[in-house]
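Student: TrEMBL feature annotations, pasted as is:
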- Cys23, Cys37, Cys40, Cys46: [4Fe-4S] cluster binding site (BINDING)
- Gly76, Lys77, Gly78, Gly79, Val80, Gly81, Lys82, Ser83: ATP binding site (BINDING)
- 1-10: compositional bias 'Gly residues' (COMPBIAS)
- 1-33: region 'Disordered' (REGION)
Amino acid sequence: MENGGGGGDGGKSDVPADANEHCPGTQSEEAGKADACAGCPNQQICATAPKGPDPDLVGIVERMATVKHKILVLSGKGGVGKSTFSAQLSFALAEMDCQVGLLDIDICGPSIPKMLGLEGQDIHQSNLGWSPVYVESNLGVMSIGFMLPNPDDAVIWRGPRKNGLIKQFLKDVDWGEIDYLVVDAPPGTSDEHISIVQYLQATGIDGAIIVTTPQQVSLIDVRKEINFCKKVGVPILGVVENMSGLRQVLSDFRFVKQGEGGETDATEWALNYIKEKAPELLTMVACSEVFDSSKGGAEKMCNEMGVPFLGKVPMDPQLCKAAEEGRSCFVDQKCSASAPALKSIVKKLIENQD
């Protein structure tokens, strides 16, 4: 979907740079099905992606006309805290008196309802369309999670059906006049990513934030995500290194004694000993590198690939607890390790957009 046509046939504008010779183009009815598509790395995506002019795009453009900024939150790999970041980014923007919408397009693994404290809520319809579910008056949420009769139900859908729901979210949800639409996408580069980019490109996408962890096994996939954004013409707002070392107040730790018979809890003894011998330690923050960042982590990768680095968010058990409880990490002082880092990233993001 790279504009400007790399490889393929005759310099078509919708031919990916890594396409086979005689590629029919991603918008052709033969995309992914023609003989020339055999063995192409894009074959499966092209075969399931929407083709040709889409009459619903007019409706999407009209609906998105009331949305000032559109931000995609992506990750190369699952389990890096992307949805946690999306949720807290939305809380932070709402706290700054912005009107915010959070759209969850992770069709098979919708975790946003839980992270916003909205489990069990239903979607309501009005003459203006679907109404988002509101956390606060200036923070609305939409997710397939609100549509499932049972939260344990598996969503087993092929690409076209996922694409159809994403289109419906964009076309039929009445966000009203909002400052930011944060789109939480599933990990990787799949049908959902192709669809959201195709549907939103005509409306103007501010760009994508990519979330990763410091170790190479995650950064390998982030490089693919960055190249995906470059191919489809989505600006990269920056990369966030999440879980960047453990930060925890010493008094919150659990201590154990290890022996031949297994582990014995020694928390009470250890804390009493510290309190007696060195009480000032109880308020200190203990730091530990959980993931191997000896290769330079996300910051070095960003320098190598020429993309912005937004900052690091430490692994904070209190942030994990806030996500589990569906609340903002900014409303109290409990998330003392992670909240300042997240605020700094949000501030940098907004400054870069001004």
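Placement of Cβ uses the backbone N, Cα and C atoms for every residue, glycine included.
Keep in mind it's a predicted model, so treat the numbers as computed, not measured.
Give me the structural setting of these features: burial, nearby parts and distances.
Tutor: For Cys23 ([4Fe-4S] cluster binding site), the Cβ neighbour count at a 10 Å cut-off comes to 27, with all displayed protein chains included.
In sequence order, Pro187, Val211, Thr212, Thr213, Ser218, Asn242, Met243 make up the list of same-chain residues 6 or more apart from Val80 (ATP binding site) whose Cβ falls under 8 Å from its Cβ.
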Student: Quick one: give me the count of other CB atoms within 10 A of the CB of Gly76 (ATP binding site).
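Tutor: Counting Cβ neighbours of Gly76 (ATP binding site) within 10 Å gives 23.
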Student: Can you tell which of Lys77, Lys82 has the least company, meaning the fewest other C-beta atoms within 10 angstroms of its C-beta, among these binding-site residues?
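Tutor: Counting other Cβ atoms within 10 Å of each of the binding-site residues Lys77, Lys82 gives the minimum at Lys77.
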Student: Which of the listed binding-site residues (Gly78, Gly79, Gly81) has the least company, meaning the fewest other Cβ atoms within 10 Å of its Cβ?
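Tutor: Among the binding-site residues Gly78, Gly79, Gly81, the sparsest Cβ neighbourhood within 10 Å belongs to Gly79.
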Student: Considering Cα atoms only, can you say which of Gly76, Lys77, Gly81, Ser83 is the nearest neighbour of Cys23 ([4Fe-4S] cluster binding site) among these binding-site residues?
Tutor: Gly76
Student: To test your reading of the ATP site: which residues beyond Gly76, Lys77, Gly78, Gly79, Val80, Gly81, Lys82, Ser83, same chain only, put their Cβ within 8 Å of the Cβ centroid of those residues?
Tutor: Ser75, Pro187, Val211, Thr212, Thr213, Ser218, Asn242
